[in-house]
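Shown next, in structure tokens, is the structure this report addresses.
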Amino acid sequence: MGCVHCKEKISGKGQGGSGTGTPAHPPSQYDPDPTQLSGAFTHIPDFNNFHAAAVSPPVPFSGPGFYPCNTLQAHSSITGGGVTLFIALYDYEARTEDDLSFQKGEKFHIINNTEGDWWEARSLSSGATGYIPSNYVAPVDSIQAEEWYFGKIGRKDAERQLLCHGNCRGTFLIRESETTKGAYSLSIRDWDEAKGDHVKHYKIRKLDSGGYYITTRAQFDTIQQLVQHYIERAAGLCCRLAVPCPKGTPKLADLSVKTKDVWEIPRESLQLLQKLGNGQFGEVWMGTWNGTTKVAVKTLKPGTMSPEAFLEEAQIMKRLRHDKLVQLYAVVSEEPIYIVTEFMSQGSLLDFLKDGDGRYLKLPQLVDMAAQIAAGMAYIERMNYIHRDLRAANILVGDNLVCKIADFGLARLIEDNEYTARQGAKFPIKWTAPEAALFGKFTIKSDVWSFGILLTELVTKGRVPYPGMNNREVLEQVERGYRMQCPGGCPPSLHDVMVQCWKREPEERPTFEYLQSFLEDYFTATEPQYQPGDNQ
């Protein structure tokens with residue numbers, strides 16, 4: 001339920017639009033035009049025809065200069081029109097002598113924006129010159145500078161952020177439309193007795209003359225005017241707009257402008273502060289870089305992999321950028337190898353499910369975590385890359401149940417005999433597709449098999465797959481056609497997806513693109529009668 005303060009704030013006249021709600025499970029991404037309440041929303045998405053929709057073609061890696069598109073939002077395209085005055089959206093503490101500390105609201109002249117994620121700027125308040133992260137600033141008086149503007153995030157991520165604990169009814173954000181170029185979407189947190197907390201989406205269309213509207217009866221010159229209008233009155237929306245959705249501090253792709261291109265760093269620049277875990281091939285630590293920046297450091301036992309091969313693979317890993325992948329920041333390539341990544345507060349998904357707050361999660365949260373992992377793997381799929389070791393132990397969890405994929409690509413480099421034998425004690429047989437375990441044929445489709453096993457880890461809160469069976473028995477039984485039965489508390493429709501992932505023929509397994517779509521819309525399209533108390 002929404003907080004009392006916000007309920008009072010939007011009561012009275014602001015409730016005028018509450019009678020215009022949509023049916024419990026609209027298939028459209030958007031609520032209807034608030035002045036056109038036909039109620040004709042009955043279609044359920046056809047997941048069998050998912051690939052008939054237009055999708056972006058795969059983008060292969062194209063050499064050292066390749067940086068794929070992602071949700072690390074920079075504004076390099078904004079400055080093309082001669083805009084040089086920018087405003088800080090967040091506080092930033094300098095990490096090296098080359099960059100500037102600044103406060104939210106501070107203004108800058110941009111001197112040089114050719115360095116990609118780091119721009120050279122001069123502060124108008126202090127006169128100091130240095131580098132600033134480009135995704136921490138926006139042009140003064142632009143829509144990008146507004147608290148409520150979230151840019152290029154998808155519908156599902158908008159819902160995740162709006163439904164975070166502590167947000168009230170009427171919390172809102174505006175984002176780029178996923179379906180209509182040049183249009184925007186307004187996403188609002190709502191509440192009613194039938195559905196509880198949920199999010200409604202309204203498309204903001206653009207007039208040929210340049211104005212904006214949700215309904216043609218109310219047109220505005222700017223998005224800012226539209227927002228102010230709906231702050232003052234619901235006017236057919238589910239409720240008045242109350243407060244902008246809180247924004248998390250953006251993720252940086254590099255430790256600093258210095259490590260952008262030269263990201264082999266000296267071991268002495270790292271301080272290992274707290275051991276977070278032990279693995280078969282090393283340890284994971286929480287630490288700091290340069291005494292300023294919190295990081296996670298994976299230390300590998302000497303002999304685990306060739307430093308030369310690791311450095312070559314790390315060149316590719318560094319270029320993979322997506323908000324559902326743990327960002328690789330830097331490496332120490334001499335043994336013992338150190339891998340420096342972003343820090344994730346809740347640790348591995350496996351530990352989180354078994355011993356952390358994950359023990360108390362219900363099915364909707366577990367399915368959403370699966371959808372996040374599928375989104376990250378769909379990106380890896382588009383990039384023509386392979387993970388090779390996808391399981392809950394290699395997924396990391398942050399605040400607000402954010403999940404990110406870690407250790408992608410590293411399994412290929414391990415030189416330990418107990419691992420490379422594939423049936424050895426250290427090899428994750430229970431997660432590995434039979435063609436990969438028996439013949440070494442690792443593909444994105446063997447990752448899909450592993451994802452099906454990971455789904456069982458989620459719904460069983462970290463139980464080891466194939467309970468009661470050892471590795472040899474699993475390999476033999478799977479080859480004979482055995483597949484795990486539906487775990488307790490798991491809906492049959494979710495088990496059906498697992499079984500699809502475990503098809504004998506790799507090409508018959510679904511794509512991660514499909515799995516992401518299926519899981520993101522799972523409770524709308526597959527389990528419309530689900531009640532929150534159904535899964536403990």
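Glycine residues also receive a Cβ, built from the backbone N, Cα and C atoms like all the rest.
Feature annotations, reproduced from Swiss-Prot:
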type	residues	note
LIPID	Gly2	N-myristoyl glycine
LIPID	Cys3	S-palmitoyl cysteine
LIPID	Cys6	S-palmitoyl cysteine
REGION	10-36	region 'Disordered'
DOMAIN	81-142	domain 'SH3'
DOMAIN	148-245	domain 'SH2'
DOMAIN	270-523	domain 'Protein kinase'
BINDING	Leu276, Gly277, Asn278, Gly279, Gln280, Phe281, Gly282, Glu283, Val284, Lys298	ATP binding site
ACT_SITE	Asp389	active site, proton acceptor
MOD_RES	Tyr419	phosphotyrosine
MOD_RES	Tyr530	phosphotyrosine
Between Gln280 (ATP binding site) and Asp389 (active site, proton acceptor), the C-alpha gap once rounded to whole angstrom: 13
Site diameter for ATP, Å, by largest Cα distance between Leu276, Gly277, Asn278, Gly279, Gln280, Phe281, Gly282, Glu283, Val284, Lys298: 14
Cβ-Cβ neighbours of Gln280 (ATP binding site) (radius 10 Å): 14
Alpha-carbon distance [the residue listed as 'active site, proton acceptor'; Gly282 (ATP binding site)] in Å: 16
For Asn278 (ATP binding site): intrachain residues, at least 6 apart, with Cβ closer than 8 Å: Val284
Leu276 (ATP binding site) to the residue listed as 'active site, proton acceptor' - Cα separation in whole Å: 20
Env. residues of ATP site, Cβ within 8 Å of mean position of Leu276, Gly277, Asn278, Gly279, Gln280, Phe281, Gly282, Glu283, Val284, Lys298 Cβ: Thr299
Helix, strand or coil at Gln280 (ATP binding site) [DSSP, three-state]: coil
The domain 'SH2' (148-245) [mean pLDDT, rounded to integer]: 94
Secondary structure tally of the domain 'SH2' (148-245) (DSSP, helix then strand then coil): 18 helix, 33 strand, 47 coil
Site with most surrounding Cβ atoms, counting all protein chains shown within 10 Å, from the binding-site residues Leu276, Val284: Val284
DSSP-derived structure type at the residue listed as 'active site, proton acceptor', helix or strand or else coil: coil
